[in-house]
Amino acid sequence: MAVSIDFSHYIHKVQQDLHRIPEPAFKEFKTAAYIEKELKSMGYTVQSGIAGTGVIGTYKGERDRPCIGVRADMDCITHEEDGRVFYRHSCGHDAHSSIALGIAKLLSEQKEKMKGSVKFIFQPAEEIMQGAKAMVHEGVLEDVDSLIGFHLRTATECPTGSMSPALMHSAATILTGKIQGRTAHGGRPHLGVNVIDVFGTLINSIHAIRPNPQTGTTIKFTSLSAGGGSYNVIPGSGSFALDVRSRDNKELHRMLERIARIIHHTGSMYDATITYKVEGRVPAPRYSEELIQEAKVAIESVLGEGKAISPILTPGGEDFHYYTDLTNIEAVFLGIGANVSPGLHDPSMTFEKNSLVEAANVISHLVNQLHNKE
């Protein structure tokens, strides 16, 4: 793959610039301003302030359609160590925005040959799973025919120098609850309702649920709290949290229904009041098989035969999937072999910088490929 030194320098500089200005969800003001300036310098029509800090860059080619959307996330992660709060791009969103600007640059240099249109969607607030929904509600997909997303991956998932045409995330949700029993003296337990006993039944009953094993569904208690500083008091209140994941949206919904019934029956059994709420949900992917095949062709056309690996299964969630959950758009989400180490969301996370150049070339090729389809 022939790559100009100037282009490699450009995309590496963009990543370094964005890495220096990490900003959390819905506060990506400097990042958005940087992206807006770059897009305008390339001749794109730019809209800013979408869903707060989102940026859109559009170019209409020989025809208005098809319009291919390219989405990148912008926000960073908030970390806390030894009581110190700090921001860092430890999920690679600086890299994703750099890749998207690299694609924009490559396409801007061949605008006169572009058969269709392209729309770059720089999205805020992926880390809190709210940005994609907000962008959909702003109508950013109304004129988009196909949408492309992407994410850096570890070497164990996707070797450096290769890419996957489909990253298969899981649907995920967090459920939090509170249990109100009745406090009593340790010598008179019959006068109380011990929330630890309630926890025991709740845990055993929920763990007895048998999800469909083909859906990769998991249900985990991630937080339990009850009791205080006195060891001779029956605790009368407590709280809990559950993490529920599945590769199938319907199975996730079925699990939540089962959990709700167990909570209701357990509360009745102990004469305790259990309240709960679903804090948020990230849907599972709904990809176009045709786009997956197109992505595979683009990967091997640019990186070489055998460089398109199989779809990657990951238990992680991704708010990109709200785009397909809330609309009928066709989409695909690529995994980029970048030797991410030691792992995503680790404050010391690093990756192979040349993977950004490779990804920008592959995805710009994919955009042209989709424009040229009969």
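Cβ coordinates are placed from backbone N, Cα and C, and glycine is handled just like the others.
All annotation found in TrEMBL is predicted automatically rather than curated by experts.
Glu127 (Mn(2+) binding site) has a Cβ environment of 19 other Cβ atoms inside 10 Å. TrEMBL lists Cys91, His93, Glu127, His151, His345 with the feature Mn(2+) binding site.
Taken from TrEMBL, the feature domain 'Peptidase M20 dimerisation' applies to 178-265. Secondary structure of the domain 'Peptidase M20 dimerisation' (178-265) per DSSP (helix as H, G, I; strand as E, B; remaining residues coil): 36 helix, 28 strand, 24 coil.
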Candidate with sparsest Cβ neighbourhood (10 Å radius) among His93, His151, His345, the listed binding-site residues: His345
DSSP-derived structure type at His345 (Mn(2+) binding site), helix or strand or else coil: coil
Residues close to Mn(2+) site centre defined by Cys91, His93, Glu127, His151, His345, Cβ within 8 Å: Asp73, Asp75, Cys76, Ile77, His89, Ser90, Gly92, Glu126, Leu344
Collapsed DSSP category at His93 (Mn(2+) binding site): helix
